[in-house]
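Take a look at the structure set out below.
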Amino acid sequence: MVELKTDTSIDAMYEAGQVVGRALTAVQKAADVGVSLLELDEVAREVLRGAGAGSPFLGYRPSFAPTPFPAVICASVNDAIVHGIPTRYRLRDGDLVSIDCGAELGGWAGDSAISFTVGEPRPDDVRLIETAERALAAAIDAAVVGNRVGDIAHAIGTVCREAGYGIPEGFGGHGIGRRMHEDPGVPNEGRPGRGYPLRHGMALAIEPMLIASGRDGYHAAADGWTLRTDDGSRAAHVEHTVAILESGPRILTAR
Ligand code: MG
Ligand code: MG
């Protein structure tokens, strides 16, 4: 069931989204060569604590997961696409890092992700991240009343495929509200004019995931959480929580 939020609820979701945005900004600022993924998780925990916010990630255990998630961020490095568990791994020069973070504030959830490089970036990674951001922007442009979920999916898929990148099937965006994952699902590829109609008061987490090689294959790593590309090529993941309003899309996790 797709829940429509009141304007007051959307304002409350914006407050939760702003905490996520601040956490991601702090994590990106702290990320450098030699900094560990656990240290980045601690940076995000401090922002959430300071805001009086909870984490929808910590202890989360969907059906596919062998263990509850142990952190407030996902930290996915290089060939990891999403759901990376923060470890003692220390970032190296040229790493491509994707950080996903959520917050719960006042009973509402926010969910957002960024990709960036540390140290000297590889040109291929810069292009991959820029394309992911362009796909997200195109998707947000399509997140308007009167369109359908398929228009968002089509916008993402078109940008990614035209740039020659792969898309991991089966993972994508979602409705969001009091819970982090609500209906409807928002695939990263699809047919325009199809799927659930977009209405005033819907809130969606839109999250393109791109694989540099152009192939789509991925698998779960030994930890049961981290999704890695089958061919070892690098991946990028960006996400915003967006409200669909008569006045146009509102990015609730804007930084
Ligand atoms: Mg997320
Ligand atoms: Mg999400």
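Backbone N, Cα and C define each Cβ position, glycine as well.
TrEMBL annotations: computationally assigned, not manually curated.
Annotated features, as they stand in TrEMBL:
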DOMAIN    12-244  domain 'Peptidase M24'
BINDING   His83, His181  substrate binding site
BINDING   Asp100, Asp111, Glu239  divalent metal cation 1 binding site
BINDING   Asp111, His174, Glu207, Glu239  divalent metal cation 2 binding site
Where among the binding-site residues Asp100, Asp111 do you find the Cβ with the fewest other Cβ atoms within 10 Å?
Asp100
For His181 (substrate binding site): DSSP state (helix, strand, coil)
coil
Overall pLDDT of the domain 'Peptidase M24' (12-244), taken as the mean:
98
10 Å Cα neighbourhood of His174 (divalent metal cation 2 binding site): matching binding-site residues from His83, His181, Glu239
His181
Candidates His83, His174, His181, Glu239 (binding-site residues) with CB under 6 Å from ligand 1, in sequence order, are Glu239
Least surrounded among the binding-site residues, given as His83, His174, His181, when other CB atoms within 10 Å are counted
His181
Taking only the Cα atoms, work out how far Asp111 (divalent metal cation 1 binding site) lies from Glu207 (divalent metal cation 2 binding site), in Å, as a whole number.
10
Which of the binding-site residues His83, Asp100, His181 have a Cβ less than 6 Å from any atom of ligand 2?
none
Cβ within 8 Å of the divalent metal cation 2 site's Cβ centroid: which residues qualify beyond Asp111, His174, Glu207, Glu239?
Asp100, Ser112, Ala113, Gly173, Ile176, Val186, Leu204, Ala205, Ile206, His240, Thr241
Hey, how far is His181 (substrate binding site) from Glu207 (divalent metal cation 2 binding site), Cα to Cα, in Å?
13
For His83 (substrate binding site), which of the binding-site residues Asp100, Glu207, Glu239 has the nearest Cα in space?
Asp100
Between Glu207 (divalent metal cation 2 binding site) and Glu239 (divalent metal cation 1 binding site), how far is it from one CA atom to the other, in Å?
4
Same-chain residues six or more away whose CB lies under 8 A from the CB of Glu239 (divalent metal cation 1 binding site)?
Asp100, Asp111, Ser112, Ala113, Leu136, Gly173, Ala205, Ile206, Glu207, Pro208, Thr253
